[in-house]
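Have a look at the structure below before the remarks.
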Amino acid sequence: MLDFIVKRFFQGILVVFLVLTAVFFLMRLSGDPTTLFLPQDASREQIEAFQHQMGLDRPLYVQYGEFMGNAVQGDFGESLRTQQDALQSVLDRLPATFQLAAAALILALVIAIPLGVLSAYYRNSIFDRVAVGLTVIGQAIPTFWMGLLLIFLFAAQLKILPSGGAGTPIHMILPMLTLAFYSTARFTRFTRSAMLDVLQQDFIRTAKASGTPTFPLIMKYALKNSLIPIITLVALDLGELLGGAVITEIVFSWPGVGRLIEQALMTRDFPVVLAGVFIIALIYTVINFLADVIYAYVNPQIRVK
Amino acid sequence: MASSIPNEPLIPEDDSLAFSQKTKAAEFFTSLLHSWTGLLGVAIIFILLFLSIFGHWIAPYDPVKTELTAKLLPPLTDGHLLGTDHLGRDLLSRIILGARISVIIGLSTVLIAGLIGTVIGIISGFFRGWIDIVLMRLVDVQLSFPFILLVLIINAVLGAGLKNIIISLAIGGWVIFARVIRSEVLALREKDFIQAAVATGVSRFEILIKHIVPNLFTPMIILASLQISSFIIAEASVSFLGFGVQPPTPAWGNMLSEGKDFIFSAWWLITFPGLAIIITALGINLFGDWLRDTLDPKIKGK
Amino acid sequence: MAESILEIKDLKIQFQNGKHIVQPIREVSFQIKAGQTVGIVGESGSGKSVTSLAVMGLLPDRISSIPSGEILFDGKELTKLKEKEWRKIRGNEISMIFQEPMTSLNPVFTIGQQLSEPLKRHRQLSNKEQKAAIIKVLKQVGIPRPEQIIHEYPHQLSGGMRQRVMISMALLCEPKLMIADEPTTALDVTIQAQILSLLKKITSKKDRSLMLITHDLGVVAEMCDWVVVMYAGVIVESAEVNELFDRPLHPYTRGLIQSLPSNNERKSKLYAIQGQVPKPEQVKQGCIFANRCPLAMEKCFQESPPAFQEDGHLSKCWLQSSDEGVVR
């Protein structure tokens, strides 16, 4: 198992390294970054001074080496807007994003797993059909529109919840529901199909032949087997959740990384964008690494070797 | 797959009775008639295509003509079936014309992303070796990043506009195709008929063209149909955030972006364009699901 | 002779998928006496596995039904049982050994955890007693170092070892009847012999009855006291094992015996029964075997033969009609 984890760990590091490289070239490929980094009305002297200051007059590989050297030390430059350290301003926003995403993830799992399990067990029943129908519709609703709908209902009409901002737990309710909605639909679908796969395995029949009643059969035997594919799929889907978090943060003015990146994009504050991209890729890679560890733990074929 | 009865098929397949007399196309069509979700999907897609082609003649008003005296009219007033927006433009007309934007974006993105992804997937899966390793690391890197954020950033770098949003979506979306097609190619390589062809001395290139590529059409079509709706939703999200397709061009996303400022006073401005997106995505998904279940139940979206 | 532990009377089973109805079991009657090993023989599609699942109450619910017939186990009618009552029987009074030891054990639980399941359901034992019972039964089936094995996962064991575990699971609650469905088919030849001799050793003890489902007449000759030959959902012949091999009456049985490769002579050509088992819905009238039967007469295509019986040796074939002892 240790081999497996070490291997995954180095793969993760490689991915983060490649992400940084990709981002570097993305910024350079889009033309002279000066026009990206400086305000559009910058004077000729400002531009030259900036180019020299940033080392843009040197060969590309030197620039790349320097960029990577700085990035490894966590130096992505200063925000062009606030003059604060770019990485630090991203890190300051991280707890808010983490709070929102974690709350939504937990909510989605708490609803989706029982729903998917029941749906699979009572396959083709009315209950199953309704659940499947909801997941299909749920996956067609864009996250931002769900946010608008909830704002309209709870803030504009009922006037019981704030339409945006942060500070109190009440502020989190709508963003959390918005973000959880899409994931709930997808996770329900994952759980249902994983359970359906497991329920027709031979070992379920063996358990039945031992006289195991329905409830323990599902909860103990089938669910533990289903968890392996569910964990994999949920981990793979966390990219979608993070993407949804970005949209949700913007809709609700939630002070997280996603909203910071959006504002930075609007004001062409590229050091902050780079730092944000780095952090999100890092988070995603770490989460996937953790998912691999959990996966290895749940699956004895990897754990016991 | 393990059935509940070891040796014998539960319901013996009946190859003698049902479909054997009919052609494949007829069988395909019959199975569509038997699935109301598939039919609904096809109906929605037809309406969407119809609107995107004939929208200009159907729309009751000029979608970009502003009339400030008639701004923010609620639905069913003064001949405006769905009301008007903050500049007095007819909402129904704008939604009808918005269909074209969604169709153009959905189709062209899936075409470009599908083509790039498929070629890369075939190269990766067929030739294996270092090129496979390099390409798949690239896929991993891109997948370690939320699709929508990637599209947003690329679009911000490239600048707004219809062409750039298509390019951004395609750059963000090819990886799924590459990954699925690669695994299809890998599975095909192991199939007996490919092995048999290799054994009889057919050249690698011939195997690729004659045996592998034709077998990729089904997964490609299924995947494409399932991806279109996610491209359309992504475009709407990006346009909603103020990037992507810019006003006054009527796209559902930027209509919602403008409408959100009036969420407390004009509910119709966020309701109807949103429903248009949902119905479109739902229709395409239903069709895609049906297509997958009919053509190949083994392939799962992503 | 001892009383029968299992008696199946005129059992019919049907599957329904929408409007599509098939009848994999058309009419099956036989009995297993206490202590006996009865072999159910037939090609795939003959309905032998479906019969065994019916005895376990494990027919797929919703699509399957038993329109008529009785399954009497220890004097109790099983076909009308509720799920809750079934659970008291399964793994306790009747247990089953499945064909695929590779997939029949749950990959995410240890051997010990899985073996404790029937005990937990049917016996009130402390953890310590449970463990002792499990180790005892693992020793019985010849598993070395059982104290260690109970902490291991299925993927750490070989196929033969897994089948031994399956057998020990079936033995745990000392059932009155065990059903083994092709217990050796998925195993290597050398392992097959080991598992068969293990089963033989187990069934030789006191009142253990075994219903052995197989397509292999060699296995039957070695293991069984009584043989039931099934074909397309019907019993075509049933007899004591030596009687059956010495004096097979039904052309189908004769075909099966002839197609056995024999040890002491090299036949120039292996005998094979032509054709395939018909699908249940394909036979409308006459004898189900008629279309493949080398001795078929005109009558065979028109009328279904009744069960002719002589000293307990049953055969469903018109060839017997000239003999005496016609039952029914």
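Backbone N, Cα and C atoms are what each Cβ position is placed from, and that goes for glycine too.
Summarising the annotation, TrEMBL assigns transmembrane segment to A:12-31 (among others).
According to TrEMBL, the feature domain 'ABC transmembrane type-1' maps to A:94-291.
Only residues 6 or more beyond the boundaries of the transmembrane segment (A:96-118), in the same chain, are considered here, and those with a CB under 8 A from a CB of the stretch are 127-128, 131, 166, 172, 175-177, 179-180, 183-192, 194-195, 218, 222-223, 226, 230, 234, 238, 241-242, 244-245, 248-249, 254-258. If you look up TrEMBL, you'll see A:96-118 (among others) marked as transmembrane segment.
The annotation transmembrane segment is assigned in TrEMBL to A:130-156 (among others).
The annotation transmembrane segment is assigned in TrEMBL to A:168-185 (among others).
Under the heading transmembrane segment, TrEMBL lists A:227-252 (among others). Through the fold, the transmembrane segment (A:227-252) approaches residues 96-97, 100-101, 104-105, 109, 113, 143-144, 147-148, 151, 163-165, 171, 174-175, 178-179, 182-183, 186-187, 190-191, 194, 197, 258-259, 261-262, 280, 283-284, 287-288, 291-292, 294-295, 298-299 of its own chain, all at least 6 residues removed from its boundaries and within a Cβ separation under 8 Å.
Taken from TrEMBL, the feature transmembrane segment applies to A:272-298 (among others).
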Distal contacts, the transmembrane segment (A:130-156) - CB-CB under 8 A, six or more residues away:
115-116, 118-119, 162-164, 174-175, 177-179, 181-182, 184-186, 188-189, 192, 244, 247-248, 250-252
Contacting positions for the transmembrane segment (A:272-298) when only residues 6+ beyond its ends and CB under 8 Å are counted:
1, 4-5, 8-9, 12, 15-16, 19-20, 23, 27, 71, 76-77, 79-81, 86-87, 89-91, 94, 224, 227-228, 231-232, 234-236, 238-239, 242, 257, 260-261, 264-265
